[in-house]
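What TrEMBL says about this one:
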| type | residues | note |
| --- | --- | --- |
| SIGNAL | 1-25 | signal peptide |
| DOMAIN | 53-201 | domain 'Cupin type-1' |
| BINDING | Asn97, His102, Glu107 | oxalate binding site |
| BINDING | His100, His102, Glu107, His148 | Mn(2+) binding site |
Amino acid sequence: MMMGSRSSVSLGVLLLLAVILSAGAADPDILTDFVVPSDTDPSGIDGAFFTYKNLVTGNSGDPAKLTVTKATHAEFPALLGQSVSYAALVFGAGTVNPPHIHPRASELLVVVQGPLLVGLVDAARNGTVYTQTLQTGDMFVFPKGMVHFQFNNGTDVVARAFSAFGSATPGTISLPAALFGSGIDDTILEKSMHTDQATVDQLKQAQAPPSPGPSPGSSSSAAAALLPSRWAITLLLCFAASYYFYF
């Protein structure tokens, strides 16, 4: 009973953090068909202004990593005020997109090369975790502000997906980074997660910028790159599972 209660509190902390971080306004309504950036001469607008070519060509896909390219307002100024954006994701074998939220948009993901395991946490139903293994052509929706993740649990297959967002600036807040890479006091993390200093130290180290090491193609560096995200996602989902089964 005590273990279930502690896990429930831990997941509650995570979900409360997600709710707080997801609070934000939607894209503003605009009074024109599109917005011309202040540094752009309206008379010079042509088809190139409405074109973006780097979503796929800018993502060659490292087979040892998760690589993401985005087409948001920051990369594609024509999206300002249009309430839409895109991302291309390439998952190397065994890589994960850790639990995260998009505070300003829902996400509609379509798998173009599967399989890909996805999941989300439903805070309104006691932290129930919904998971699904998607095959090529399958789609999955992640409602705005809900904690979710994607995981290529294959050992030698690359997975690819595209995500559409209902905002030109959906934002992404990674929970492992927000918790263990943001400078929150160790004592607060220990008590909130009901864990010890050694575990907190290791998780914080996992979120630190990588130090120079072997070349990107090295198999040892690729394997090491997978450990932090796997550890973080395992810890977070264990809290979720404990919470669900306790109730």
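Every residue, even glycine, has its Cβ placed from backbone N, Cα and C.
Annotated features taken from TrEMBL, shown on the structure.
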residue	record	Cβ contacts under 8 Å, 6 or more apart
Asn97	oxalate binding site	Leu66, Val68, Leu89, Phe91, Phe149, Gln150, Phe151
His100	Mn(2+) binding site	Val147, His148, Phe149, Thr172, Ile173, Ser174, Leu175
Glu107	oxalate binding site	Val141, Phe142, His148, Ser163, Ala164, Phe165, Pro170
How many of the residues that make up the domain 'Cupin type-1' (53-201) does DSSP mark as helix, as strand and as coil?
29 helix, 57 strand, 63 coil
CB neighbours of His102 (oxalate binding site) within 10 A?
25
Within 8 Å of the centroid of the Cβ atoms of His100, His102, Glu107, His148, which other residues of that chain place their own Cβ, given that this set defines the recorded Mn(2+) site?
Ile101, Phe142, Met146, Val147, Pro170, Thr172
Across the domain 'Cupin type-1' (53-201), the model's average pLDDT, rounded to a whole number, is 92
Can you tell me how many other Cβ atoms are located within 10 Å of the Cβ belonging to His148 (Mn(2+) binding site)?
23
Hey, for the oxalate site built from Asn97, His102, Glu107, who else sits with CB inside 8 A of the CB center?
Ala87, His100, Ile101, Leu109, Phe142, His148, Gln150, Ser163, Phe165, Pro170, Thr172
